[in-house]
Amino acid sequence: MAQIAQVLVDVPTMQTNRPYSYQIPTAWQSQVQPGMRVVVPFGRGKRRVQGLVLTCDDVTTFDGDLKAIDAVVDLAPVLNQEGLQLSAWLAQTTFAFQITCAQTMLPAVMRAKYEKILRPTAQTSTAVQTEIFQGQLEVNYDQLATTPQAVSRLLRLQAAGEVDVYYQVKNQARRKTVLGIQSTLSAADLDTELAAVRKGAAKQVALLKGLQTLNGEVITQKDFHQRFDVSEAVIRTGEQKGWLTRPAIEVYRDPYATADIQPTKPLHLNDEQQVAVDQIVAAVDQPATTTFLLEGVTGSGKTEVYLQSIAAALAQGKTALMLVPEISLTPQMVKRVKGRFGKAVAVLHSGLSSGEKYDEWRRIQRHEAQVVVGARSAVFAPLENIGLIIMDEEHESSYKQDDAPRYHARQVALWRSQYHHCPVVLGSATPSLESRARAEKGVYQRLVLADRVNQRPLPKVSIIDMKNELQKHAESNFSQALLVALQDRLDRHEQSVLMLNRRGYSSFVLCRDCGFVLKCPNCDISLTLHMDTHTMKCHYCGHEEAIPRICPNCHSHKIRYYGTGTEKVEEELRDLLPDARIIRMDNDTTRKKGAHAKLLTQFGSGEADILIGTQMIAKGLDFPNVTLVGVLNADTALGLPDFRASERTFQLLTQVSGRAGRAEKTGHVYIQTFNPDHYAIRFAQHHDYEGFFKYEMRMRHQGGYPPYYFTVQITASDLDEAIAAKRMYQLLQWLKPRLSSQTVILGPTPKPIARVNRRYYYQIVIKYKQEPQLTATLSTLLQETQAQQRQGLQIAIDVEPLHFM
DNA sequence: AGCACGCCGACT
DNA sequence: GTCGGCGTGCTC
């Protein structure tokens with residue numbers, strides 16, 4: 001019987017990033033298991049924290065008095081062996097604390113909430129009773145300790161034994177229950193009672209007959225009411241008579257309970273799709289793990305390949321995981337999967353409430369769901385016996401998490417596929433260079449869907465040189481050609497989609513007299529004008545202030561709004577095409593929950609002629625009546641100091657082009673740009689992924705960038721710019737002798753946006769091909785910069801960062 | 001993180 | 001003399 005547990009405590013710091021040994025109280029020795037959450041005392045005071053049991057055994061290397069586990073939170077482990085191993089691997093590869101990794105893998109409600117509470121003791125004087133407790137049995141510490149004086153007073157009272165501190169560790173996870181109905185009568189008793197009921201008591205008869213029908217089964221009161229038409233009052237009478245009990249029945253919060261989901265049948269596959277499905281399915285029960293790269297243009301039927309492969313995995317008694325970018329996890333998408341697999345599907349995405357996420361998670365853990373569809377973090381879904389992992393739109397940068405643990409869902413998917421010996425399918429119309437290059441080398445197996453399912457030609461793409469436009473016409477967001485095309489669609493009652501590349505293209509205010517630009521007081525960037533709230537906002541720290549009427553610098557009245565946000569584009573378009581009905585979709589109009597879906601439904605049902613939006617409209621939407629797609633500014637991303645700028649531009653343009661003409665009508669795409677000859681734009685015009693891949697690989701080779709090199713980014717930030725810079729140079733000196741001579745170190749450089757939230761950022765990028773000691777070196781680095789973290793210097797390591805600014 | 005311990009300056 | 005300021009080290 002295990003007496004000692006190795007516990008990971010919920011204290012995310014470098015020093016506590018290791019297991020601590022705790023005594024398991026005798027009464028719980030058969031109960032406590034690895035993967036369960038516990039409450040343990042930690043530290044010299046009375047602090048109590050949540051912990052995660054890693055192992056249970058009889059020995060410890062710690063030679064001191066062990067403390068005992070205070071409480072066991074779970075009845076069953078929340079992480080199984082796979083989960084525990086995965087959290088350890090994740091911590092190691094992303095340089096994050098293991099407890100942080102474990103928390104990331106679990107539903108947010110499982111994170112403990114802490115409360116510090118004061119209670120009176122036997123020695124508490126009446127003065128303190130009235131002053132502090134005011135008749136209460138306990139009071140919240142934080143509510144009293146608002147000033148330094150109050151804190152020291154409480155500290156003294158505690159030392160004098162007048163008050164007792166107590167740490168409450170709260171589990172936020174709540175199950176939802178409803179009242180149920182359970183008969184307490186045997187079949188014979190029921191007959192007796194039925195015979196005894198007074199004549200004319202029709203409802204009581206109905207109740208008893210209902211209980212008879214149940215035959216001992218428990219159902220919810222609501223269902224009972226619906227099936228037997230017996231009101232709650234009658235049921236309560238029955239309860240008083242001792243005929244039944246009303247136990248609390250656990251129910252799942254189902255986000256799609258009210259959705260109208262029609263069953264869908266597998267579609268007929270074309271030859272290419274059939275080949276893909278056959279290859280994937282053949283790999284499901286192979287002991288070796290195969291990673292497929294499924295390349296298919298928009299409309300080539302990738303989703304059907306996924307669904308039929310999943311069906312085959314389920315038929316073998318296995319489970320399946322399907323990852324989708326957050327933005328394409330639309331209700332239509334969910335309906336399609338649920339329509340095929342029904343109740344076996346669990347959905348996980350950020351739009352769910354924390355309770356809904358918790359319930360979906362438990363359905364998966366209890367093997368009630370065998371198919372999981374979800375965004376990035378769904379890659380941690382507690383599925384067992386996985387037969388297939390699918391990652392759609394594998395090039396999407398939203399698969400990488402921006403803060404700790406900085407993991408890429410693709411890496412996690414590959415790790416889990418090794419664990420389960422199952423295949424992974426990476427699907428995309430425009431695979432990331434990394435994945436496509438691996439397919440080239442034979443690491444991944446390439447599957448290609450070159451034909452569109454209905455043999456429809458890809459849309460014609462026209463490139464409009466905005467340099468010429470500017471010379472011919474006054475400054476406008478719309479070229480003549482695009483306007484003519486828009487008017488033409490209006491006349492034909494067809495719809496258009498206009499995309500504005502948002503990055504670096506928002507409205508700001510500028511003084512025409514002195515050139516002053518209103519900037520954020522905390523960050524290094526100009527404030528953005530928001531007409532909806534009539535304020536200036538900082539997109540990085542959330543700072544907000546009033547729109548200036550006069551220039552704060554020279555007091556001139558000639559302060560004007562510049563730049564082009566979606567709002568301004570909409571305004572201009574309303575001027576140019578007054579008859580057009582326009583829907584705008586951007587961060588402002590979609591902030592409210594469900595607003596995104598609502599706007600899309602409106603557009604889909606023909607309530608508008610033109611949809612204007614940012615990148616978010618490029619993905620996943622499929623409206624048959626859209627025959628025109630316009631990209632207003634194709635090249636704003638191209639100017640960014642990031643080697644992936646071309647790749648992103650190409651992917652975005654290809655993706656948005658796919659929105660045109662998906663049904664009976666062929667589409668036309670207009671791309672407005674100041675760089676009409678840029679290769680990313682030219683290859684996108686001809687829908688030529690292969691051409692782009694080859695060209696871009698040459699560029700990456702010349703520049704020494706991924707996939708030819710691996711990269712690691714180290715960022716340091718401090719409130720004091722000089723300290724951040726100085727530490728970075730010290731770090732560089734420390735690092736240099738520890739890396740091989742082929743490895744390139746870029747920087748330190750201030751980040752392009754050097755100051756965010758009053759902190760100054762500096763970065764180093766390491767580019768390497770072979771560096772076996774790198775992980776160990778970086779771990780040491782983190783360990784050694786510990787003391788400085790205390791002084792306010794923050795150091796972050798990002799392995800294979802997606803953004804270099 | 002959060003707490004105790006310890007070492008210094010300005011007060012009842 | 002002591003209260004309380006913060007720097008330092010530790011948490012099974």
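Keep in mind that glycine also has a Cβ here, set from the backbone N, Cα and C atoms.
Just so you know, TrEMBL annotations never went through curation; they're auto-generated.
The annotation Zn(2+) 1 binding site is assigned in TrEMBL to A:C511, A:C514, A:C551, A:C554. For A:C520, A:C523, A:C538, A:C541, the entry in TrEMBL reads Zn(2+) 2 binding site. The domain 'Helicase ATP-binding' annotation in TrEMBL covers A:292-449. Look at TrEMBL and you will find A:546-700 tagged as domain 'Helicase C-terminal'.
Around A:C551 (Zn(2+) 1 binding site), a 10 Å sphere centred on its CB holds 21 further CB atoms from the protein chains shown.
Closest in space to A:C514 (Zn(2+) 1 binding site), of the binding-site residues given as A:C520, A:C538, A:C541, is A:C520, taking the CA atom of each residue.
Listed in sequence order, the residues A:R512, A:D513, A:G515, A:F516, A:P552, A:N553, A:H555, A:S556, A:K558, A:I559 complete the 8 Å Cβ shell around the Zn(2+) 1 site centroid, once A:C511, A:C514, A:C551, A:C554 themselves are left out. Sequence-distant neighbours of A:C511 (Zn(2+) 1 binding site) (same chain, 6+ residues apart, CB-CB distance under 8 A): A:V517, A:C551, A:N553, A:C554, A:S556, A:K558, A:I559, A:R560. Secondary structure at A:C511 (Zn(2+) 1 binding site), as computed by DSSP, is strand. Summarised as a single figure, the pLDDT of the domain 'Helicase C-terminal' (A:546-700) averages 83. By neighbour count, meaning other C-beta atoms within 10 Å, the densest spot among the binding-site residues A:C514, A:C541 is A:C541. With the fewest other C-beta atoms within 10 Å around its C-beta, A:C554 stands out among the binding-site residues A:C520, A:C538, A:C554.
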